[in-house]
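Novice: Residues annotated as transmembrane segment in TrEMBL: 12-30, 98-121, 133-154, 169-191, 226-252, 272-298. Here TrEMBL flags 94-295 as domain 'ABC transmembrane type-1'.
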Amino acid sequence: MGRYVVQRMGYMVITLLIIVTITFFLMQLLPGTPFSNPEKLSERQLELMSAKYGLDKPLAIQYMTYIGNLIQGDLGLSFQSEGRTVISMIGDRIGPSALIGGQAVVIGVLCGFILGVISALKHNTIFDYGSVFVAVIGMSIPSFVFAALMQYYIGVQWGLLPVALWKDYSYSIMPSLALSAMVIATVARFIRSEMLEVLGQEFVTTARAKGITEFVVIIRHVLRNALIPVVTVLGPLTVSIMTGTLVIEKIFAVPGLGEQFTLSILVNDYSVILGITLFYSALFIFIVFIVDILYGILDPRISMGGGKKDAA
């Protein structure tokens, strides 16, 4: 286990280095510069600004300088926000994004789990058909469409929740619900599919034949085995939530990390783009690592080395 963790940590560092390298050089293809603005700086002013942030040096030197600072935990200064460090900007914006994303995952997993279980246990009934319909709708309609519909009906027509901006907890509910739709649909579909497969297996029939109550059979045998494949989709779902916040935060005018990332791209704030990309990448890689650990715990047959253990 310890060897596996160390090995994975090494892979994580290499992956992050590759991501940072690709992002760093891709940013050079963006039109304009960090100092492109309507006020038209003079040639002398542009030279001074470039020298201040080291942009007058060869690209290779800029890259090596950035990597050296990164190793020391320094993500640099924002080119657009005078005197602000990238780390402080991420810290200021992470709160709303974490709340919205966290709530979306919790709502999505819980509701999807309940929907999938009901659908499997009530197979070929109106409950099953209804659950499948909800799952199809959730996977077919983009989160930004749900967001617009909720803003109009829940916010404008019914006045139940605030439409946009960020003042208190109530402002986080609609963005979280919009993001959770696809999570609900995906989890429900996987739970239903896996439970139906497990319910038809011989060990379940044997457990029932031994007189074990249906509740115990479902909880101890069916759900445990059905949850194993579901854990594997948590990584992709996390990516869906993370990318979804970029649009959702813009729609609801939430001052989160996604909005800051979009803003930074529009104004060519290279250091902030790199910093947020690194943060998102590290978060995703860490979550995938945790998912792998959970997968091994739920299914002891899976070795930490990445394959099935040989049967005794």
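Backbone N, Cα and C atoms are what each Cβ position is placed from, and that goes for glycine too.
All TrEMBL annotations are machine predictions without curation.
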Novice: Counting only residues 6+ away from its ends, which parts of the chain sit with a Cβ under 8 Å from the transmembrane segment (226-252)?
Specialist: 96-97, 100-101, 104-105, 108, 120, 143-144, 147-148, 151, 163-166, 171, 174-175, 178-179, 182-183, 186-187, 190-191, 194-195, 197-198, 258-259, 261-262, 280, 283-284, 287-288, 291, 294-295, 298-299
Novice: Which sequence-distant residues neighbour the transmembrane segment (272-298)? Criterion: at least 6 residues beyond either end, Cβ under 8 Å.
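Specialist: Answer is 8, 12, 15-16, 19-20, 23-24, 27, 66, 70, 75-76, 78-80, 86-87, 89-90, 224, 227-228, 231-232, 234-235, 238-239, 242, 257, 260-261, 264-265, 304.
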